[in-house]
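Q: Straight from Swiss-Prot, here's the annotation block:
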type    : residues                       : note
BINDING : 60, 61, 62, 63, 64, 65, 66, 67 : ATP binding site
DOMAIN  : 28-242                         : domain 'ABC transporter'
């Protein structure tokens, strides 16, 4: 899927251009993306590539445009300018699990893809997230972590080329969050989608990502490869990029 949006004459030149280092095919490519809300520019001539199998974490202060970018990639928000080349229907997992309370777990997982996923595919996806045998259970019987596991199963049930994660672990307790991190890493390695994780948690980004981006004023301001730094050194760098004094 390619979406082109007319570029306004006053669009700024991108402040940061990424050079791909991974030979895998692109899962998504963004060029010159711009989004305005009235006079306020939320995304400013942004460029971004994510490759198949690459896990990218996006950090930034509240209001810098992270979620707006994710929604644009998901097709939930139309930019004012630029181009998006992305799978026609990427999968999205939000902070809230968004399960339908009147539908069983397998029906929630297969929602919108009943023909291609079906009960059998939903059962396999639920088994992958540790909920085997609970296909006919109801969302009301789940803990917060279990409900988010179902949301993740729904996101991966049809093997998407692009998986978008909008702070999916933010509402979970610390222990459940750690368990979910391990599960996500395992599932991404198995399914091999390109992943964009929007998060405020530097440590979460360090744990999960192959590449960490910092967004500032609607642009990608910095990009880091975790393997080129020690975790402690990169943590300090990222906190400084975010305007936080590290201890």
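Numbering starts at 1 and runs along the chain as it is shown here.
Yeah, the Cβs are placed from backbone N, Cα and C, and that goes for glycine too.
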Q: Taking the Cβ of residue 64 (ATP binding site) as the centre, count every other Cβ atom within 10 Å, in any protein chain shown.
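A: For residue 64 (ATP binding site), the count of other Cβ atoms within 10 Å is 21.
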Q: As a test of reading the model: what is the averaged pLDDT for the domain 'ABC transporter' (28-242)?
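A: On average, pLDDT over the domain 'ABC transporter' (28-242) sits at 92.
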Q: Near residue 67 (ATP binding site), which residues of its own chain have a C-beta under 8 A away, given they sit six or more steps off in sequence?
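A: Listed in sequence order: 166, 198.
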Q: Over all shown protein chains, what is the count of other CB atoms within 10 A of the CB belonging to residue 63 (ATP binding site)?
A: 12
Q: Let me know how many other Cβ atoms fall within 10 Å of the Cβ of residue 65 (ATP binding site).
A: 24
Q: Around the C-beta of residue 61 (ATP binding site), how many further C-beta atoms are within 10 angstroms, looking at every protein chain?
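A: Here the count is 15.
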Q: What number of additional C-beta atoms lies within 10 angstroms of the C-beta atom of residue 60 (ATP binding site)?
A: 24
Q: What three-state secondary structure does DSSP assign to residue 64 (ATP binding site)?
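A: Residue 64 (ATP binding site) sits in coil per DSSP, no helix or strand.
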Q: Give the sequence-ordered set of same-chain residues, not counting 60, 61, 62, 63, 64, 65, 66, 67, with Cβ within 8 Å of the centre of the Cβ atoms defining the ATP site.
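A: Nearby residues not in the site list: 68, 215.
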Q: To which of the binding-site residues 62, 66 does the lowest count of other Cβ atoms within 10 Å belong?
A: 62
